[in-house]
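K.L.:
I'd like to ask you about the structure that follows.
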Amino acid sequence: MASDSRYRIGLFDSGLGGLSVLESLWKELGNIDFVYYSDLQNSPYGSLSKEKVIELSENAFRYLQGKDCKAVLFACNTATSAAAGFLRDTHKIPIFGMEPAVKPASLSHPNKPVAIFATELTLKEEKFKNLLDTLPKRNNYIAVPCEGLAKLIDECLLDEAWDLLNGKILSVIKETDVFVLGCTHYVFLKERILKHYPDVSVYEGNSGTAIHIKNVLGLNSRGQNHLEIFLNTSNEKYIHTTNLIVNKFAENSKIVLIDLKGSERHV
């Protein structure tokens, strides 16, 4: 449990994509106890109904509340689009979400089309449409749904994931070289995009989100962070992938598995 002198922040995602945001938070903040909840039993959220995503998001939120988190980040663009507003209206603790970095992309590239790669649910939600309404009309915005991509990334099938994403890129590359990654999972393929297409501009919201959370919560302490990761699966592939990602940036971490009855077991 966190001590009184440490701030505890909870994050959740349908899978492992939110770990890309966690890495940005880890670098930006200090002396924080992070709690990450991964709902792999129900992933990916992008193919579910809005009602189901709200239900699952509320379950994840309550789980993090039970871990004494003082603030929660929906580290999932789909969950943010479908459920963040609803939960903000019904709970008092700070709730943060992810937003596709379309605004900085459009402002940095006036008059250029902007391609937004995201899940189908994110792209069809009212929140996304409202975002586009606030942006410069001089840009054309191209929605590129990438169904199945998050699941491949969760399973560490990065070659297959790249093949899928590259097919989507090829469908728009003649129209624009400005890309927005509107799902936290897709950030894990950012380096591949730039390797194969060195002249494109790629935007994602992770670092901006980390800075926003730091500023809103007024967190300026330095010191060692700690991390607990809760996975509601015993699938060795997911555990292996989690370790591969987290070991690149977090030294003080532990993984806990949650079974169907809610019992917890440390790995």
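Placed from the backbone N, Cα and C atoms, the Cβ positions cover glycine too.
Below are the features I grabbed from TrEMBL:
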type: BINDING; residues: ASP13, SER14, TYR45, GLY46, ASN77, THR78, THR184, HIS185; note: substrate binding site
type: ACT_SITE; residues: CYS76; note: active site, proton donor/acceptor
type: ACT_SITE; residues: CYS183; note: active site, proton donor/acceptor
K.L.:
Starting from the Cβ centroid of ASP13, SER14, TYR45, GLY46, ASN77, THR78, THR184, HIS185, which together make up the recorded substrate site, report each further residue of the same chain whose Cβ lies within 8 Å of that point, ordered by sequence.
P.N.:
GLY15, GLY17, GLY18, SER43, PRO44, CYS76, ALA79, THR119, THR122, ALA150, CYS183
K.L.:
Listed substrate-binding residues ASP13, SER14, TYR45, GLY46, ASN77, THR78, THR184, HIS185 - what's their greatest C-alpha to C-alpha distance in Å?
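P.N.:
For the residues that bind substrate, the greatest Cα distance is 12 Å.
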K.L.:
How many whole Å apart are the CA atoms of CYS183 (active site, proton donor/acceptor) and ASN77 (substrate binding site)?
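P.N.:
Answer for this pair: 5 Å between alpha carbons.
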K.L.:
Between TYR45 (substrate binding site) and CYS76 (active site, proton donor/acceptor), how far is it from one CA atom to the other, in Å?
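P.N.:
Spelling it out, the Cα of TYR45 (substrate binding site) and the Cα of CYS76 (active site, proton donor/acceptor) are 9 Å apart.
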K.L.:
Could you measure between CYS76 (active site, proton donor/acceptor) and HIS185 (substrate binding site) for me? Cα positions, answer in whole angstrom.
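P.N.:
Spelling it out, the Cα of CYS76 (active site, proton donor/acceptor) and the Cα of HIS185 (substrate binding site) are 8 Å apart.
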K.L.:
May I ask which residues of the same chain, at least 6 positions away in sequence, place their Cβ under 8 angstroms from the Cβ of ASN77 (substrate binding site)?
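P.N.:
Spatial neighbours, sequence-distant, of ASN77 (substrate binding site): MET98, GLU99, PRO100, ALA118, THR119, THR122, GLY182, CYS183, THR184.
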